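In TrEMBL this protein carries:
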type: TRANSMEM; residues: A:30-56; note: transmembrane segment
type: TRANSMEM; residues: A:76-102; note: transmembrane segment
type: DOMAIN; residues: A:79-286; note: domain 'ABC transmembrane type-1'
type: TRANSMEM; residues: A:114-140; note: transmembrane segment
type: TRANSMEM; residues: A:152-175; note: transmembrane segment
type: TRANSMEM; residues: A:261-285; note: transmembrane segment
Amino acid sequence: MTIATTTTPLPVAAKPVPLAKRDSRTEPRLVRGLIIGFALTFLTVFVVLPLVLVFAQAFSKGVRFYLTSLADPEALAAIWLTLVTAVISVGLNLIFGVAAAWAIAKFEFRGKTFLVTLIDLPFSVSPVISGLVFVLLFGAQGFVGPWLMAHGIHILFAVPAIVLATTFVTFPFVARELIPLMQEQGSQEEEAAISLGARGWQTFVKVTLPNIKWGLLYGVLLCNARAMGEFGAVSVVSGHIRGETNTMPLLVEILYNEYQLVASFAIASLLALLALVTLIAKTILESQIEEGRPHSDD
Amino acid sequence: MTIEVRNIIKRFGGFTALDNVDLRVETGELLALLGPSGSGKTTLLRIIAGLDWPDAGSVSFDGEDALARGAGERHVGFVFQHYALFRHMSVFENVAFGLRVQPRAIRKSEAQIKARVKDLLDLVQLDWLADRYPSQLSGGQRQRIALARALAIEPRILLLDEPFGALDAKVRKELRKWLRTLHEEIHVTSIFVTHDQEEALEVANRVVVMDKGKIEQIGSPGDVYEEPATAFVHGFIGESIVLPVEIRDGRVRLGDRELNLDSRDARPGPSKLFIRRHDLAVGPSGAGALEGAVKHVRAFGPTQRADILLSAVGEGTLIEIDAPRDRDLKPGDIVSLQPRRYRIFAEGA
């Protein structure tokens, strides 16, 4: 196809049929154009346009107003809470995720299939339900709620519940990314390291971790994106205390409902920016993971 | 370093991988564990290395209990079937790994590590690959790097799991010769696992033939080939013709025909007659123990190969024999076959 269209045609007597037309594997130009055009239109209307609108709205009253909106104490508190929540829940899921993936990929034990299913649970449950679970657990009428209240420990409608709900919802990301990768890599390299005298920790740091690092980063990236963007579960457990238990997504909704459109979109633009950064990082990581896969002749 | 394995039993779920195995390996030996897949040979190797643990039995190195030590403390070099090179490390770092993970107190200096790795890469003749990564190496090169890495820790025992299994035929032949030369040079007690009889017979000083978790025979390559101890060994090593016979009153019977063969004190009852393909003398009809019609003749190399339909065995059994080129054989000829050497094993032995 490229030969026929891009190089200067050789002087030939009869007008040659372009290769592309004779190649039955490619569609006629018109069909191709239609399909590509349709896909592009769809993408523009449903993805690009909303994204552009977010930024357009955010800056509709100028950069100064945009910055003022972000510097509002309530906004700063929400940004801070979102960051803290993300750091803690990503950190926890990093540890849990590696441990779970390690157990599933490298050992045989009873109930393994059940554990794999359990890891997927947060994906299959509606985030609202995930939040409600914690309300039922820690609420005033809940399982351990009264006991906690009697001891002056605040979990529900406070930061701990937000962290717990976020951790729950984002649990599968790291584990799900690592399990197939570790299963594919097997445990021979670890066995080799051990037989060469490496202790458990050395084996993990020098052999296992380098082999899974790109997959791990990928899982962390997705986990982080979801942790910062989580709305449903956090909304249920947060209590919406202004300046205290509002994360960025919650604040976006509150401001929007109060007709503070520009302020609302200013915060939303930060989340959109996070999405874009995530997307780019994800693309880079995917190519790195591909390189780390075992070669077919191994 | 001698290795003594006693009464080892290993089960995986309901499958018995090793069933009461005893084995003694002498210092400086190059021993082959030979058997079909599922015979337990790799499991035995992994137990000696400390990568698997037996359900019962003992393993000792020079009389010292090896099971009391973990894999890392046994000073065993292990070469994995698929090499298991550390894919994110250069060849140099792969070989240096065992030296770098040593406890700080006995760890060598960087200069010493460098010198040692260089020596090892020289030994496997791949010093020019030090900066490459495993994915950039050929199969044979990976195999040699895996060996250099295992040797880096100055192992008292070298264990190799199907060392040539994943290589193509030509490289495999070269590496075999090379491994034997290397063993003569470093002389460390070595065991390798293989399912390839040619490999075992050509490389090892002693061959252990295994089947279904049991040791069938231990002997020199000559012994296991010439004097197979069991029907399994005869059938597994070398190519054999196997005929179902019956021993009755000290006579060997094939179908309704009595063969002119000495039963050699074989127990009465259904048995199997084993003959090597080249151990059958072809003669004119009526001159030998077996009779048959020539069906096909294929001549190549120093011998010719003929398919012969034996009479007297029910519907007739087709066997393949090797005969000298000068022996004139044509399809349709009726010939006699006289075993020069043969063995009889009772059914189920």
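Just so you know, glycine gets a Cβ as well, placed from its N, Cα and C.
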Listed stretch, out of A:30-56, A:114-140, A:152-175, A:261-285, that has the most CB pairs under 8 angstroms to the transmembrane segment (A:76-102): A:152-175
Residues from the same chain, set at least six apart from the ends of the transmembrane segment (A:114-140), whose C-beta lies under 8 A from its own: 100, 103-104, 146, 148-149, 155-156, 161, 164-165, 168-172, 175-176, 179, 230-237
Same-chain residue ranges lying at least 6 outside the transmembrane segment (A:30-56) that approach it to Cβ under 8 Å: 265, 268-269, 272
